[in-house]
């Protein structure tokens, strides 16, 4: 338990200082804060950059607890801990197993107070001044800081730790020294030494529904295929203009020009492009819909599965990353569709729904209290006062199992894209879709107000400049999304390690995930290769 991991260093350090202590002990300083804050809440939109570094676990409570017993002259306590019937009383709370293990702040305070007792009574490196006693008095209740006894804390730790080691189902087992502890026969030194091994470093396992091998490959295929389609459309437009010089100038910027009336190679290719763009966007809508729902459920704590606090944080971070950026390929294809004059309300509404789900996912956060309640609901331990195993929240995250978790190049870039580029593009797409509807709908296409037709730029001297601006604006959006999709693809590829695709990671669902883009890819190949013998076939395809 976290208390354990924190107390053994205090013994070792205190022994060292005792040997080299000055003739007079130093006065201890007590600092009282209202709450822990910071690490108690994980808001992915704000905290994503702090996740993934195996050498710096920003959300490890083990590090926080160890910091309270490292021999510092200044000791931090929290006024929200040790509450009994709404009143701070660490003297009673630390002697009650249900209260001692019942909250992080109480757990921390009791460990810090046990450390103070050890440093002032055993090693005599510090003494408790009147000021320190006064500062701690608000949470000491019926007792005093000078008379605090850490013995009951050690006696509570032993049965709770041993029961936790046998039932918390963490991937790292407890050290044999934990099992060897005995309330009747173990010394304080032995208990403190065992505490140091109680809270382990554990690699987090990612939920395979979010980032399994098949799902990861599917993400990469989605980004690659969207970028390839964009390049194919641009390349085909250039090729068609040069090949068909004698015809009316060719452009993919009109939907009717996509379906040519002959059966030439260009005709088949244009049909393939138009059909595949629309069908790929439809497929993306369903794929990203499933992704967004899974991500939201992964971030919302009551639906999240994880064996310890750090693992839930990592799962929430990964879910947020793929949810926020899973819409990037959709933006690229949707901008390409609108720029090429292909506007379908059903694909546009599907695109809007996925973007709104991404916004919802970006507002979710994970709180430690909810996680604690989840662990308590899943498996409470009688020896810990009906609370969950302390290892579930004191264990530190040490990397991610089978993956090199990074958010290349930096989470800040994707945040800027989401807040800036996505917002601008979405507003432009909505305006463009509504303008097109006003121009084409039978009830509005004949409306005219003076020189202005709804859905069109007013016919004046600025119209020529507006058309030039619109052309460069849409092309700029396309290029911007193309490059940001490349960066996102690189971030996905950099995650892969030699252990990412081990045989035991594949399941029925992973195999299904990897094949979801198969129909769209096969149809594109079929449309390009297969000759069309009847013009009606073209109508059917479109």
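Cβ atoms are placed via backbone N, Cα and C, with glycine included.
Please treat TrEMBL annotations as automatic predictions, because they have not gone through curation.
TrEMBL lists transmembrane segment for one of the ranges 442-463, 508-529, namely 508-529.
Among the residue ranges 250-268, 345-363, 364-382, the one that TrEMBL annotates as transmembrane segment is 345-363. Your range for transmembrane segment, going by TrEMBL and the list 172-196, 472-496, is 472-496. Listed ranges 141-165, 216-240; the one TrEMBL annotates as transmembrane segment is 216-240. Beyond its flanks by at least six residues, the transmembrane segment (472-496) meets 211, 216, 219-220, 223-224, 226-227, 230-231, 325, 328-329, 331-332, 335-336, 338-339, 403-409, 413-414, 417, 421, 424-425, 428 of its own chain at Cβ-Cβ distances under 8 Å. Within the chain, the transmembrane segment (283-301) has long-range Cβ neighbours (under 8 A, six or more residues past its boundaries) at 44, 207, 209-210, 218, 222, 226, 312, 315-316, 318-320, 322-323, 326-327, 329-330, 333, 347, 350-351, 353-354, 357-358, 360-361, 364-367, 370-371, 374, 516-517, 519-520.
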